[in-house]
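Data first, discussion second: the structure below is written as structure tokens.
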């Protein structure tokens, strides 16, 4: 029995989509357990590029069951747009390949409207939301006023809950200067969604449990990254769900003891999108060089990513919080060509060196990175297909990551394509 989770070990955008696609070859079931279509994964297979937001990366493989779990918030319009996009690229998306939890909460038009209005109202204190309605949907979920997929399957129940929500939300929308929403328009649109969605809807918790009990390999695909976790991230510049391994059990509907391995995905450097402290950020030519060579622009928003040196304090924190059993280091190819490479091994705060990630943003903003310097590797590594083919300086860099975090590197990424992947160890 093997059930393992793939998680972002930094601020997201670490290459989880590619690695999930790669590891999906060994899995029979691939599960999304949190987030929504605010996530963005890019996967390159042969000469085709696929951009995924909501559907698990395993959809690119035939004979894999892909699951959108109860912890995910689902925008039906975005879901069907993605299905149509994939089928246009020749990828079949049928109810035999994709199922959606009947307990998942629905993103409604008023969630998106409120997301935009509230972000605008924050002014210079905006939190960098993608304005996809994710946060307001999770708010309704925990406020117990949300509408779930199972509600959509019963038109009378859906109509009643929708009417109550629209009456309440329109008052808030009006207060924020927006235009009130129309019940009939939303009801009719979602009734059309209901008929198309119905064949995909199942009790996904049962399906996942049965797969694990049948000794099938189940891969849980995390979205965003550990530092965007609602509890352990750089709050309030975070997402609205639990992005750590702790979120798998509740977001997929299984016992925590069923997940046997946790694989953390980390870039060979660090990036983040939006506001918030970033101790190793490079606001210079080197940072610009990394951004351009690594094509560091968001899949969902197109926003440029802030770039900096690899921060081992972050990776050590992720290892502790998520119980990582191994690390995957991606984009080692991006650093090829730099004469010197630095790696953060601690923070100086108030005259003391610490090796943990402070909860307070004010404290984090005052942290000065303590660096170790490494010799770069001039050779391009995009064609390397084994660990032995990597430059010695790159191996030294990887060994230091293992030493500091106490976690083995199992896979190294040397490019965006599926075959640009080096398996260092079979064990995850």
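Each Cβ is built from the backbone N, Cα and C atoms, and glycine gets one as well.
Not measured: the values here are computed from a predicted model.
Noted in Swiss-Prot for the protein shown:
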BINDING   12-18, 40-42, 305, 331-333, 413-415  GTP binding site
BINDING   13, 14, 15, 16, 38, 39, 40, 41, 130, 144, 224, 239, 303  IMP binding site
BINDING   13, 40  Mg(2+) binding site
ACT_SITE  13  active site, proton acceptor
ACT_SITE  41  active site, proton donor
BINDING   299, 300, 301, 302, 303, 304, 305  substrate binding site
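A map of Swiss-Prot features onto the structure.
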{"residue": "15", "record": "GTP binding site", "DSSP class": "coil"}
{"residue": "40", "record": "IMP binding site", "DSSP class": "coil"}
{"residue": "130", "record": "IMP binding site", "DSSP class": "coil"}
{"residue": "224", "record": "IMP binding site", "DSSP class": "coil"}
{"residue": "301", "record": "substrate binding site", "DSSP class": "coil"}
{"residue": "332", "record": "GTP binding site", "DSSP class": "coil"}
Could you tell me which of these binding-site residues, 42, 130, 304, has the fewest other Cβ atoms within 10 Å of its Cβ?
304
Cα-nearest neighbour of residue 42 (GTP binding site) within the listed binding-site residues, 13, 130, 301, 302, 303:
13
Which of 299, 332, 414 has the fewest nearby Cβ atoms, counting only those within 10 Å, among these binding-site residues?
299
For the IMP site as recorded (13, 14, 15, 16, 38, 39, 40, 41, 130, 144, 224, 239, 303), determine the largest distance between any two Cα atoms, in Å, rounded to the nearest integer.
34
Find the shortest Cα-Cα separation between residue 41 (active site, proton donor) and the binding-site residues 12, 299, 302, 304, 332, and name the residue that gives it.
299
Sequence gap of 6 or more, C-beta under 8 Å: which same-chain residues meet both conditions with respect to residue 305 (substrate binding site)?
13, 271, 272, 273, 291, 296, 297, 298
Among the binding-site residues 12, 15, 40, 302, which residue has its Cβ surrounded by the fewest other Cβ atoms within 10 Å?
302
Of all the binding-site residues given, namely 38, 299, 302, 303, which is spatially nearest to residue 15 (GTP binding site) at the Cα level?
299
Please compare the binding-site residues 38, 224, 301 by how many other CB atoms fall within 10 Å of each one's CB, and tell me which has the fewest.
301
Least buried by Cβ count (within 10 Å) of the recorded positions 18, 41, 303:
303
Return the member of 18, 130, 224 nearest to residue 301 (substrate binding site) in space, with distance defined Cα to Cα and candidates limited to these binding-site residues.
130
Distance from residue 130 (IMP binding site) back to residue 18 (GTP binding site), taken between C-alpha atoms, in Å:
22
Enter the number of other CB atoms within 10 angstroms of the CB of residue 13 (IMP binding site).
27
Sequence order is fine: just name those binding-site residues in 12, 299, 302, 414 with a Cα within 10 angstroms of residue 224 (IMP binding site).
12
What Cα-Cα separation, expressed in whole Å, is found between residue 414 (GTP binding site) and residue 40 (IMP binding site)?
20
